[in-house]
Amino acid sequence: MRSLDAFAGQKLAALDAQSLRRRLSPTRRHDGAVVERDGKRMISFSCNDYLNLSQHHLVRAAAAEAALNYGAGAAASRLVTGDHPLLSDLEKRLAHLKGTEAACVFGSGYLANTGVIPTLVGPGDVILIDALAHACIWAGAQLSGAKVVKFAHNDPADLERLLLAERGAARHALVATDGVFSMDGDIAPLDALSELCQRHDAWLLSDDAHGVGVLAEGRGSGALFPTAKIPLQMGTLSKALGSYGGYLCGSQAVVDLLKTRARTLVYATGLPPASAAAALASLDLIAANPTMTEVPLAKARLFTRRLGLPEACSPIVPVVLGSAESALAASTELQNQGFLVVAIRPPTVPDGTARLRIAFSAAHEDADIIRLADAIAKLRETAS
């Protein structure tokens, strides 16, 4: 055991030396955007609860009622006894939202991608992935055993070059991207990617974790491109929908295959009833008031105007500072001023691009957004 502890200690020391060690910070959420850490209350700009629906009384009530009616957990894999009725209801609603034949719900977004990708491709196939795609896409690709190729971020020309080079020797080809990129907030050119996939007989997977609920009246980034054909539409329930879980929307045949072969569904306990009920309640609220989905982007654009940044196209706005040390220092100073803006460091983002990742929600007050923008402007002036 001493060798194991020594190994762990050496790894931690190396991370400390680069300001890359991460630590958990217990955080209590209060009403609106207020959080509490170590007895100090702050306005959080680091939460992905874009519509503040996790705090909505109807969403909370739905979760509580489901726990009382069905139990606290699913108690088994969905293929055993864990497929409670709420999951079928949720899958129908998600498929309707995304305009597909069917949907498959997983325990999380990470489990969705690490289950879907190895089910669809394997040795003899090729996966082409956007350079800045989420870690769970890369993890799923590595598990698949397929050849993995990276294309330049949001660059259809580079993707086409690689398709021309790789597609002929591969049995199947999968192109995978985020719809809204989680660390930069930009949107994939899904129309151009779709056209290339159709031309080269490749399958397009879009991870819309940060688009569903906040773009195109809640339908997500794919709906911004009416001509795009996206056969594999993945997303989460844990961000704008304020619950927990992940899903893949697609054809009935694809979903049927996932439900019998995706290892992260077959060998994992089903999503708890409370999580499914909360997501259903959130979908009800969005359907009843689709204009609510416009608020997070409007808040983000208030911030970018105030700070003189390019106009936001999603609720995520990065302020890139460069080194991990500078990002940590800026985050600490903002906490001193009453704002929780977590520093994002490598390997989550590329070396030299450590940043403040600012996430806007319907819970944010305009006055707080302006105060944050002004505080960051002063930090940038001091740094320069």
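Along the chain as shown, the residues are counted starting at 1.
Positions of Cβ are set from backbone N, Cα and C atoms, glycine also.
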Among Ser77, Ser144, Ser182, which residue does Swiss-Prot annotate as binding pyridoxal 5'-phosphate together with Gly109, Tyr110, Asp207, Asp208, Ala209, His210, Thr236, Leu237, Ser238, Lys239? Ser182
From candidates His84, His96, His134, Swiss-Prot puts in the same substrate site as Arg22, Thr348 the residue His134
Other residues near the pyridoxal 5'-phosphate site, CB within 8 A of the CB centroid of Gly109, Tyr110, Ser182, Asp207, Asp208, Ala209, His210, Thr236, Leu237, Ser238, Lys239? Asn48, His134, Val212, Met234, Gly235, Gly246
What is the interatomic distance between the Cα atoms of Arg22 (substrate binding site) and Gly109 (pyridoxal 5'-phosphate binding site), given in whole Å? 22
Nearest recorded site to Thr348 (substrate binding site) by CA-CA distance, among binding-site residues Gly109, Ser182, Asp208, Leu237: Ser182
Around the Cβ of Lys239 (pyridoxal 5'-phosphate binding site), how many other Cβ atoms lie within 10 Å? Please give the count over every shown protein chain. 28
